[in-house]
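See structure below.
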Amino acid sequence: MSEALKREAAAQALTEVRSGMRLGLGTGSTAKHFVELLGEKVASGLDVICVPTSEVTAAQAKSLDIPLSDLETLDRLDLTVDGADELDAALNLIKGGGGALLREKIVAAASDAMIVIADGTKLVETLGRFPLPIEVNRFGLGATRRTIAEVLLAHGAEGGLKLRGEDKGTPFVTDGGHLILDAFFGRISRPEALSMDLLNIPGVVQHGLFLNMCSKAYVATPDGVKRLLKNN
Ligand SMILES: O=C(CO)[C@H](O)[C@H](O)COP(=O)(O)O
């Protein structure tokens, strides 16, 4: 999708932001547009305080003089705006393509609402075409990997597991110092059960299924930006 369309989705989400709001700032190329546009509004007087979901977003927000805070200082946020790798009609998501899923989920869970901004190619009938990122502790990686592989089999995954960055010689390390295993499902038919099965594995820190967290999405297509609401 063109950067112009991503920016249009971001601009739509920005219309929901009011002075006085406490905001969660997402991570990724679409969220980057949102932060850029937010920076322009802040420069012209919008009064917000923001919690970033990654070091990259924190650096971008700082460079734009967007006031930042954390979840020690703020107990709740009004709204998080973030991108997604996949979303279905119920606004369940796969996230973590950029590796920020843990902080993204913590921030979204601390928010009264979550808006996703994405392009039309991210909209799917059934989640699972995009490999599901699973953030794991470095300790005991082999054991964790084998147990996750068993869960994949039980959930009918079409492919296997790949340690992110392994093919480039250096594993990708998250902001939290963990590793990511990408799980190739093809189709996830029981997302709630899969979520529980993965979280039951001791070495799993978090996974990229965001279920019942997103309340609204702005999806940019060449025909314009569609507004999708949960349960619509
Ligand atoms: O979950 C994410 C990062 O962890 C991103 O929001 C997701 O990967 C979408 O990114 P982009 O807007 O660049 O397509």
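Cβ coordinates come from backbone N, Cα and C, glycine included.
In this view, Asp82 (substrate binding site) is surrounded by 31 other Cβ atoms within 10 Å of its Cβ, with every protein chain counted. The secondary structure of Asp82 (substrate binding site), as reduced to three states from DSSP, is extended strand. Per TrEMBL, substrate binding site is recorded for Thr27, Gly28, Ser29, Thr30, Asp82, Gly83, Ala84, Asp85, Lys95, Gly96, Gly97, Gly98, Lys122.
Taken from TrEMBL, the feature active site, proton acceptor covers Glu104. Less than 8 angstroms from the CB of Glu104 (active site, proton acceptor) sit Gly26, Thr27, Thr53, Ser54, Asp82, Lys95, Gly96, Phe210, each of them six or more residues away in the same chain.
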Binding-site residues close to ligand 1 - of Lys95, Gly97, Lys122, only those whose C-beta is under 6 Å away: Lys95, Gly97
Substrate site, defined by Thr27, Gly28, Ser29, Thr30, Asp82, Gly83, Ala84, Asp85, Lys95, Gly96, Gly97, Gly98, Lys122: further same-chain residues with Cβ within 8 Å of the Cβ centre: Gly26, Ala31, Ala100, Glu104, Ala118
Sparsest Cβ surroundings (other CB atoms within 10 Å) among the binding-site residues Lys95, Lys122: Lys122
Number of Cβ atoms other than its own within 10 Å, given for Thr27 (substrate binding site): 29
Residues Thr27, Gly28, Ser29, Thr30, Asp82, Gly83, Ala84, Asp85, Lys95, Gly96, Gly97, Gly98, Lys122 [recorded substrate binders]: greatest CA to CA distance in Å: 16
